[in-house]
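The transmembrane segment feature in Swiss-Prot is assigned to 19-39, 49-69, 86-106, 218-238, 250-270, 313-333.
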């Protein structure tokens with residue numbers, strides 16, 4: 001028992017160190033952006049941020065986070081993290097914000113959906129979801145960092161994704177889209193697949209049948225759900241492009257955003273499942289009949305090693321998709 005507690009403590013310290021490093025990176029990047037935007041504004045290369053954009057970027061995250069607290073989708077620490085991430089994405093690009101909004105609202109609804117069923121197999125199920133700051137930063141930290149880099153490169157504002165004219169900014173836009181679509185795809189798969197699937201999931205590494213809720217378990221319905229989750233984020237991004245980007249008629253087509261969003265959701269879910277199968281512990285607690293993510297005296301081993309937790313797996317999956325998606329899109333994106 002002491003060994004298990006010691007391992008859990010080491011895992012917690014490691015996770016906290018990763019979160020502290022992420023917060024430092026965000027703070028440093030935000031400082032560089034403020035210096036960059038100030039210098040560029042005074043040198044005449046960028047227009048000042050309009051008061052209207054400042055107002056929207058401040059008020060909108062507050063309204064959404066307040067709603068999240070009321071609906072128990074966020075706890076107090078998650079609300080603070082959500083305010084920071086929401087502000088950065090909103091002031092950077094309204095398309096970024098709409099993609100984040102689609103992910104947050106739909107995922108929150110799905111987390112609450114059929115909660116009585118999920119309690120039966122998930123030992124860590126929380127009523128309403130109640131995402132904390134760790135979950136917020138593991139899902140939104142990378143998009144926030146990409147949004148800051150986008151502002152340093154391009155300044156705040158919406159642009160068409162066009163690799164022939166704006167290569168770096170377009171790369172960052174698709175990278176951010178990939179990260180959010182990956183998170184949405186994984187959430188949709190984990191919230192819908194176990195509930196609607198009639199057959200037992202299969203472990204992605206061995207294709208053996210495993211209990212519902214096992215890390216690394218996949219089902220056809222779960223994979224379809226992950227595709228739809230990515231598409232939902234892509235649609236939100238695409239619609240916002242149509243509304244706020246002025247020069248779409250002379251830019252490359254934007255409809256591939258929806259397709260690449262779906263691809264990121266599906267591929268991200270597969271990567272997440274693979275990492276979960278080998279780097280997350282899954283055991284069946286015979287005393288409760290639920291899947292546990294840490295070794296216990298009553299847990300029967302199923303798969304994986306207790307190296308990462310679910311938040312870390314989500315973060316690594318998002319990073320991989322954020323790197324892969326724009327690289328693939330650059331080769332196949334339509335050009336005028």
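Glycine residues also receive a Cβ, built from the backbone N, Cα and C atoms like all the rest.
Since this is a predicted model, take the numbers as computed values, not measurements.
The stretch in closest packing with the transmembrane segment (218-238), judged by the count of Cβ pairs under 8 Å and taken from 49-69, 86-106, 313-333, is 86-106. Residues 18, 138-139, 141-142, 146, 161, 163, 167, 170-172, 174-179, 181-183, 186, 215, 252, 256, 260, 263-264, 267-268, 271-272, 275-276, 279-280 of the same chain, all 6+ positions outside the transmembrane segment (313-333), place their C-beta atoms under 8 angstroms from a C-beta of that stretch. Residues 37, 75-76, 78-79, 82-83, 85-87, 90-91, 97, 101, 104, 108, 156 of the same chain, all 6+ positions outside the transmembrane segment (49-69), place their C-beta atoms under 8 angstroms from a C-beta of that stretch.
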